[in-house]
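To start, the structure under review is shown below, and the notes come after it.
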Amino acid sequence: MLLLSTLFLLISNAVSLRRDMAILYNRIAIIALLYAILQSLVNFSILSNGGIGLHGGLFHVTTITEVFHIFLYFISILILILTSFYPRKVWVYEYSSLKDIFMNKFLYYRTKIINKMGEHLKIIEYPLILLFIISGAVFLMSTNDFISIFLSIELQSYGLYLLSTIYRNSELSTTGGLMYFLLGGLSSCFILLGTSLLYANSGTTNLDSLYVITSISDLNNVELAEGFMPYWYNDDYINFSLLIFSIGFLFKVSAAPFHFWSPDVYDAIPTIVTTFVAIIAKISIFIFLLELVYYTNHYLLNLNWTYGLLISCLFSLIVGTVLGLTQFRIKRLFAYKSTISHLGFILLALTISSVESTQAFIFYLMQYSISNLNAFIILVTIGFSLYCYVNDNKENEELVDKNNSPVQLISQLKGYFYINPILSLSFAITIFSFVGIPPLIGFFAKQMVLSAALDNGYIFLSFIAILTSVIGAVYYLSIIKEIFFFSATPEYKLNPLLTNGEGGNTGLKGRIYVAAGKISNKNRIESIRFNHNNIVMSSPLAITISIISLIIVLFIFMNKEWLSMGTFILLFFLCVKKHFARNLLLLSNTNSLGRKLLGCAVAWTVSYTSYLTSFHSQLFGVYNRLLRTRGLIAFVYKNSAVCTSRLYSIIPQQKLRYSSKHNKILPISPWFITGFTDAEGCFNVGFQKNPNGKWYIRPLFQIKVHSRDNLLLNGIKDYFGGIGNIYITSKDSKFLVRSLDEILKIVLHFDNYPLISKKRSDFILFKQIIHKVVEGEHLSAKGLQEIVNIRSAINLGLSDSLKTIFPNTIMNTLR
């Protein structure tokens with residue numbers, strides 16, 4: 001839909017020369033994005049538990065990508081509102097109170113649009129370039145290959161370069177756009193260099209293959225891996241390549257020490273463009289980095305490439321805070337504190353790569369985007385209102401490019417509270433959220449990141465983050481001081497362009513109504529005094545600012561409900577199905593409001609999904625016919641070494657199972673069992689304490705499939721000589737092996753036919769525990785603690801109860 005809308009706007013711009021039609025094109029772009037949101041909701045309902053690979057693996061669509069597609073479209077719509085409606089109007093009537101209106105002095109009045117043909121309302125290419133940028137961002141979040149990564153990032157970046165220089169009458173904007181283009185090209189060189197090094201060291205451009213390779217490279221120092229698997233990957237080379245690759249993206253998001261371009265570019269380009277550059281590019285890049293870090297950040301490696309992200313995190317926190325102290329230009333201040341400094345928190349949560357930190361990362365990124373969007377929209381709106389005034393300050397009169405960036409200095413906000421109190425209050429709420437003052441949304445985001453950092457031992461970085469937040473509050477509060485604690489009366493006067501030239505009276509035409517009816521349709525109103533009460537904000541801008549400000553403030557009353565959104569998105573990302581229902585139950589039991597919201601969401605989802613199902617029934621019929629002929633190929637593809645890192649399916653509502661193949665007679669070979677275990681198997685160790693105080697260690701091997709795939713489990717059981725048991729429920733079937741003697745047969749199989757995914761590291765640790773149990777080491781306190789240490793590194797780690805019983809547990813990785 002985005003590509004079709006882009007093509008339509010491209011053709012329309014080619015055949016139309018009317019610059020006054022630009023505002024209509026912006027509205028068409030909004031409609032296209034709304035339709036894209038509906039289409040993503042359709043995809044989201046289809047993608048229940050897995051994902052779909054597209055174009056031979058170049059792209060993949062999953063639940064997490066669809067969530068952020070919708071979020072990206074929503075942010076883009078709010079930004080497009082700035083240029084889709086006339087921003088400021090003048091009221092033509094003498095009385096400003098509701099009492100006078102209800103007393104029938106004036107029941108209706110006409111408004112005059114100020115600066116109707118402003119530069120921002122005459123650029124017909126603006127929505128076209130925005131759709132190109134959004135398309136590149138969507139592709140980048142869904143990419144699965146280094147080739148498509150580069151094409152997507154360049155599609156997004158070139159659109160941003162063009163958008164920065166689109167105001168051709170502005171020398172300052174052209175300078176900023178040229179600087180952005182040159183340094184953006186340098187960052188693309190780093191991305192290409194990292195890609196070439198990764199291809200040279202791995203022989204693949206597919207991300208799934210890279211994830212498998214990094215899993216294999218974890219076993220570099222494991223003596224058990226020697227002799228039965230050829231090892232040709234060097235993890236140091238791969239880590240260095242990933243580090244070079246990530247530097248290019250750190251350039252793109254302006255993280256320190258690659259930040260030096262962003263303050264100059266933000267300050268030079270128009271404020272409306274700055275809004276898009278500061279938000280959209282970062283959302284897509286960080287969602288891509290989230291997946292890259294999650295699948296390549298392994299604790300088994302001695303030197304990890306993500307240490308570079310930690311260094312960038314440290315520099316971003318310090319540089320964004322210290323250099324921000326000397327800024328007197330407001331967009332440069334936002335570039336340092338509201339961008340670079342906040343990137344330090346985002347990079348800290350990204351690099352930790354735990355369950356808690358991933359949830360904190362998702363939540364912080366979303367609140368960062370919303371808060372920055374509100375700040376820049378308010379800044380643009382203040383600029384629209386100041387167009388109606390002139391300032392006696394000579395410093396303000398000497399500013400360059402005042403039409404495109406009316407608010408450039410912090411001193412220009414002096415006393416603005418007396419011009420528009422409500423807008424000033426919304427700006428103050430946003431700034432307090434930036435600072436992290438409780439109980440606004442920014443406080444909860446920083447608290448989640450710091451909590452995850454402290455839990456994982458990042459004490460020094462947590463201390464730096466807290467210290468820089470306190471220092472940053474100083475110059476944020478200086479903005480509050482300028483707005484609220486200075487009078488604006490001597491500063492601002494009426495813009496002469498809005499006067500009639502005689503006595504400062506306006507020359508506007510209005511329609512006057514009184515109780516007896518309409519007097520005249522062309523009555524000329526004389527002797528109206530112009531003041532700030534006659535200026536109003538357009539309704540779309542007012543509604544947008546009000547909604548975002550309420551989102552920031554609503555944390556005071558609904559913090560549990562809002563925080564649960566990050567939890568649900570995290571569960572989609574990690575595919576932790578067994579925890580989803582429990583968290584859903586906890587949300588429904590929090591309070592009555594939570595239950596009501598949950599009930600409304602469920603009812604809406606059910607009705608909407610039923611509509612979509614009926615709407616796409618014909619499409620599903622076509623897929624069913626394809627499924628009969630391609631079922632076996634898709635099944636092998638799903639369980640191959642390339643795709644063990646993520647769960648894919650062809651048609652999620654017609655879930656692909658072993659039983660869906662047209663030929664169910666599949667040979668159960670040793671390598672088939674190994675590959676299937678890579679995808680669906682699990683190694684676990686249970687702990688049980690008898691009444692005498694002795695601990696029993698119970699190794700466990702499990703393969704879990706759909707309940708219709710009993711034949712497959714029977715074949716696996718027969719291959720192992722009838723060991724283990726098969727347990728069948730209405731939803732799934734499990735093949736469980738619990739006996740120690742039988743477990744040894746399982747171990748012997750995987751010694752001869754080794755695993756190649758991340759399950760292999762679990763298997764090596766699993767073997768270490770079995771060896772200790774066979775030797776009787778679990779009978780001593782020291783041996784039991786060593787077993788617990790090893791168990792903490794398998795799967796999701798220890799349960800909360802075991803953590804309480806064994807408080808001195810230290811994660812024991814492969815030796």
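Heads up, the Cβ atoms here are built off N, Cα and C, so glycines get one too.
As given in TrEMBL:
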type	residues	note
SIGNAL	1-16	signal peptide
TRANSMEM	24-46	transmembrane segment
TRANSMEM	67-86	transmembrane segment
TRANSMEM	123-140	transmembrane segment
DOMAIN	144-472	domain 'NADH:quinone oxidoreductase/Mrp antiporter transmembrane'
TRANSMEM	237-260	transmembrane segment
TRANSMEM	272-295	transmembrane segment
TRANSMEM	307-328	transmembrane segment
TRANSMEM	340-366	transmembrane segment
TRANSMEM	372-390	transmembrane segment
TRANSMEM	422-445	transmembrane segment
TRANSMEM	534-556	transmembrane segment
TRANSMEM	562-581	transmembrane segment
TRANSMEM	593-611	transmembrane segment
DOMAIN	673-770	domain 'Homing endonuclease LAGLIDADG'
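Summarised by DSSP class, the composition of the domain 'Homing endonuclease LAGLIDADG' (673-770) is 46 helix, 31 strand, 21 coil. If you look at the transmembrane segment (307-328) against the transmembrane segment (123-140), you find fewer than three C-beta pairs under 8 angstroms, all six or more positions apart, and that falls short of contact.
Highest Cβ contact count with the transmembrane segment (67-86) among the listed stretches 24-46, 123-140, 237-260, 272-295, 340-366 falls to 24-46 (criterion: pairs under 8 Å).
Away from its own ends, the transmembrane segment (237-260) comes close to residues 153, 157, 183-184, 186-195, 197-198, 200-202, 210, 213-214, 217, 281-282, 285-286, 288-289, 292, 296, 301, 303-305, 308-309, 312-313, 315-316, 318-320, 335, 339-340, 343-344, 347 of its chain (Cβ-Cβ under 8 Å, at least six residues beyond either end). For the transmembrane segment (272-295), the residues of the chain that approach it from at least six positions outside its boundaries are 64-65, 68, 71-72, 75-76, 79, 82-83, 120, 130, 133-134, 136-138, 140-141, 143, 149, 153, 156-157, 160, 163-164, 166-167, 173, 180, 207, 211, 214, 242, 246, 249, 252-253, 265-266, 306, 309, 331, 334-335, 338-339, 343, 346, 350-351, 353, 358, 361-362, 365, 368-369, 372-373, 376-377, 380, 404, 573, 645, judged by C-beta separation under 8 angstroms.
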